[in-house]
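A.B. asks: Sharing a structure here in structure tokens format.
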């Protein structure tokens with residue numbers, strides 16, 4: 001077939017019409033593991049059902065889908081995944097179907113829905129789909145060698161090999177068709193197994209491959225000849241009325257699926273509020289990860305703190321203090337990079353599919369992602385920043401502590417924004433982590449601690465202007481030393497040197513403190529803008545889809 005048109009309900013197919021009429025259940029489940037079955041469906045109902053639906057109608061639609069897919073016994077159980085214990089594989093697959101079934105599509109396409117399921121679970125799943133197909137809904141399934149009782153549930157069968165159709169018609173007539181052309185199915189054999197084996201290409205040897213390809217071509221040519229006179233290309237056998245079996249219609253879900261009705265979908269604010277609630281609910285249910293992050297921040301703080309602890313009588317030297325301030329601003333953001341990149345790529349497939357399905361746009365997801373992680377970010381910086389300040393006996397002035405804490409908060413957030421941008425910009429976890437590590441190390445080396453800023457040549461000096469670690473180090477040094485006389489003892493001679501001059505000798509006094517805060521905020525906004533552009537214009541495919 002070289003030309004033609006695709007029409008849906010009497011209208012030419014467009015991407016907008018496809019999104020209104022067609023739902024696609026992918027082969028791999030893409031669900032948030034820490035939400036329950038009911039919560040997963042409820043969040044999708046908030047952003048997928050039209051604005052005209054009241055909250056009571058949305059809740060009822062969720063309960064109808066749960067009842068239709070036989071999920072009531074696990075409605076309050078976490079969905080789970082490979083690492084998080086939750087519902088069974090068959091139940092998780094039915095949740096993925098329920099996500100698409102919520103908005104009652106006219107066409108439901110499933111890509112190998114029984115893959116990875118045992119035979120009993122696969123049979124029950126296809127029985128559910130068969131029941132859904134009787135409710136004024138078209139269900140298309142791709143399967144590899146279904147068992148006999150699953151094959152009996154089909155209405156129509158398309159048998160293909162190497163992309164070429166060998167049979168298209170009623171499932172109950174497939175044995176009759178192949179019997180008429182000289183390939184009867186042996187008694188007590190599964191027709192699906194027998195005819196898939198008959199039409200498969202055997203590539204164990206060159207001779208067998210040529211023979212089976214020639215047989216497949218002849219079967220394809222014969223089928224095309226038999227259906228040439230039919231407009232729908234369906235092979236039809238003469239059947240008696242007694243052979244027609246009445247179908248049981250699914251009565252739980254509404255039957256009126258009309259793709260031509262243009263309903264107003266939820267706006268960006270409702271999408272944002274739903275996404276941020278979903279983000280926070282999923283993140284804060286992951287208690288082991290939260291505890292690990294908290295223990296990591298606390299351990300880093302205590303290690304650095306106890307290293308410099310016990311200097312009340314004799315203050316730290318200028319060199320030791322500057323090294324401490326550099327470590328405070330440079331060590332902990334590196335751990336944030338790995339966590340954010342890993343988390344973003346684990347959610348990348350789900351994000352790609354939901355954007356493709358039109359559940360929401362890039363804008364609401366961007367704000368929900370950034371703002372939804374702020375509670376965890378704040379807790380992380382508090383656990384890290386507060387103990388280390390007092391254990392190391394930095395200047396015990398509340399105003400200076402707040403300025404110090406705010407700058408550490410900003411630099412960790414800037415690092416988080418950089419990791420978000422890299423995760424959306426690059427297609428794989430390894431590429432994103434490599435890019436972040438290379439960029440972070442460049443910023444680390446040009447921050448002004450390893451080498452004086454005034455001694456750098458042109459390229460490192462230019463990189464240092466973009467280094468948030470440089471601005472963090474400069475700000476922390478100004479907070480601790482500017483306006484504070486520093487005592488230096490050389491032998492029996494004691495000298496008092498203004499702290500401003502000591503910071504100036506390291507070229508860290510070139511900008512006032514308020515400008516440093518604005519620069520770090522500006523770098524953060526730059527990374528966030530890059531993150532938004534990546535979400536907007538780069539398809540967030542997973543590594544398997546590239």
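Using N, Cα and C of the backbone, Cβ positions are placed for all residues, glycine too.
Just so you know, TrEMBL annotations are computer predictions that nobody has curated.
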A.B. asks: Looking at 494-513, 514-533, which one does TrEMBL call transmembrane segment?
C.D. replies: 514-533
A.B. asks: Do you know which of 264-286, 287-309, 356-378, 379-401 TrEMBL annotates as transmembrane segment?
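C.D. replies: Among 264-286, 287-309, 356-378, 379-401, the range TrEMBL annotates as transmembrane segment is 287-309.
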A.B. asks: Given the ranges 237-257, 321-341, which one is assigned the annotation transmembrane segment in TrEMBL?
C.D. replies: 321-341
A.B. asks: Of the ranges 438-459, 460-481, which one does TrEMBL flag as transmembrane segment?
C.D. replies: 438-459
A.B. asks: So, by DSSP, how many helix, strand and coil residues make up the domain 'ABC transporter' (2-115)?
C.D. replies: 49 helix, 15 strand, 50 coil
A.B. asks: List the helix, strand and coil residue totals of the domain 'ABC transporter family G' (144-206) as derived from DSSP.
C.D. replies: 24 helix, 13 strand, 26 coil
A.B. asks: Return the average pLDDT for the domain 'ABC transporter family G' (144-206) as a whole number.
C.D. replies: 91
A.B. asks: By Cβ distance under 8 Å, which residues at least 6 away from the ends of the transmembrane segment (438-459) in the same chain are close to it?
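C.D. replies: Counting only partners 6 or more residues beyond its ends, the transmembrane segment (438-459) has Cβ contacts under 8 Å with 322-323, 326, 330, 333-334, 337, 415, 418, 422, 466-470, 472-474, 506-508.
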A.B. asks: Who are the long-range neighbours of the transmembrane segment (514-533) in its own chain, taking Cβ under 8 Å and residues 6 or more past its ends?
C.D. replies: 362-363, 366, 370, 406-407, 410-411, 413-414, 417-418, 420-421, 424-425, 466, 468, 471-472, 474-475, 478
